Amino acid sequence: MKFKVFLQIVGGIAVLFTILPFVALDYWWIRVFDFPHLQLTAFTILALLIYFFRFDMRYWGDYTFILIISVCFLVQIVKIFPYTTVANVEVLNANSKDATNFISILSINVLEKSEEYSKVLNEIKEYDPDLVILLETNDRWMNEVSRILSENYPFKVEEPLSNTFGMLLYSKYKLIAPEIKYLVDDEIPSTHSVLLLPSGQEVKLHVIHPTPPMPQHNPKATDRNAEMQMIAEMAKDSKLPVIVAGDFNDVAWSQSTLLFQNVSGLLDPRVGRGMFNSYSANNWLLRWPLDHLFVSKEFRVVDISLGDHVGSDHFPYFAKLSFEPEMTVIQEREKPTEEELEQSEEDIEKANKNDQ
């Protein structure tokens with residue numbers, strides 16, 4: 001096989017992988033291409049640069065190939081650009097020094113089969129967050145961490161499960177009327193509560209970990225998308241400021257996550273600050289942002305970072321926020337369109353039909 005033909009095949013693969021995420025189907029083998037956009041961007045530009053060495057100015061097919069690959073590259077750049085440090089931030093930096101309006105959150109998908117309890121506890125001790133979220137936690141994990149964390153975190157919500165979707169929540173701040181709900185699947189919990197800041201401000205908190213679109217879990221993204229849109233509707237209708245956190249099993253730039261943001265009106269603190277690729281902690285080539293924290297317009301960012309390796313396939317995700325409602329108009333999102341609201345309702349209805 002000639003080298004140019006090989007490059008054309010590689011380019012064809014890049015084109016296919018670029019187009020697939022735009023296909024409006026929930027099958028896992030399509031939705032999986034939502035994830036590696038950073039890798040696909042590098043793959044595309046590499047194919048483009050190498051092809052220049054074989055470029056023939058007399059052959060119109062080479063011009064066509066270069067044009068198509070260039071368009072693919074631009075599509076990839078448009079998707080990932082907001083999550084680079086050269087883009088404008090979506091959530092502004094904090095101005096206030098009033099610690100009574102600060103809230104720090106550390107979210108860790110611990111990997112259920114892991115037994116690295118001390119690493120997780122040390123990470124919590126290092127960050128000393130106000131709120132700890134531990135995902136993929138079973139009874140074994142709860143027994144190892146609950147007593148220790150309860151010394152500094154008097155408020156908690158615990159739902160340990162052995163199906164990799166257990167959830168533990170520990171808070172220094174009072175949790176008002178905490179609830180555990182199974183919104184879409186009777187094996188996939190989410191927690192919902194009102195968090196009371198030291199200033200007396202109440203904040204609505206949702207923690208989710210929807211099922212991923214993978215053959216070993218769920219062959220479609222239907223349930224994941226439905227849970228995200230249910231939370232989006234709750235956030236949209238909330239009278240209180242909102243924080244949504246957890247492992248979404250979805251990337252920041254996917255159509256489903258962007259729809260979640262557009263419907264909910266919530267903001268992504270990572271925009272303009274970096275990708276913060278929390279998964280996979282074990283493979284630097286295959287990393288993307290699966291763990292998220294979205295906030296309503298009243299919040300600003302004090303700090304955001306990834307933690308150290310704690311024996312999981314996820315890095316811990318940390319954010320420190322400041323409640324500053326005085327200038328909300330500066331970072332308010334546009335209202336969702338009728339089409340977006342209809343799509344959100346459709347995503348929820350799909351899951352309801354599957355349950356019937």
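Note: Cβ is positioned from N, Cα and C throughout, glycine not excepted.
Annotated features in TrEMBL:
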- 339-348: compositional bias 'Acidic residues' (COMPBIAS)
- 107-314: domain 'Endonuclease/exonuclease/phosphatase' (DOMAIN)
- 331-356: region 'Disordered' (REGION)
- 7-30: transmembrane segment (TRANSMEM)
- 36-53: transmembrane segment (TRANSMEM)
- 65-83: transmembrane segment (TRANSMEM)
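Within its own chain, the transmembrane segment (65-83) has Cβ neighbours under 8 Å at 8, 11, 14-15, 18, 37-38, 40-41, 44-45, 47-48, 51-52, 55, 90, 252-253, 270-272, 274-275, 289, counting only residues six or more beyond its boundaries. DSSP labels the residues of the region 'Disordered' (331-356) in these numbers: 19 helix, 0 strand, 7 coil. In the predicted model, the domain 'Endonuclease/exonuclease/phosphatase' (107-314) has a mean pLDDT of 96.
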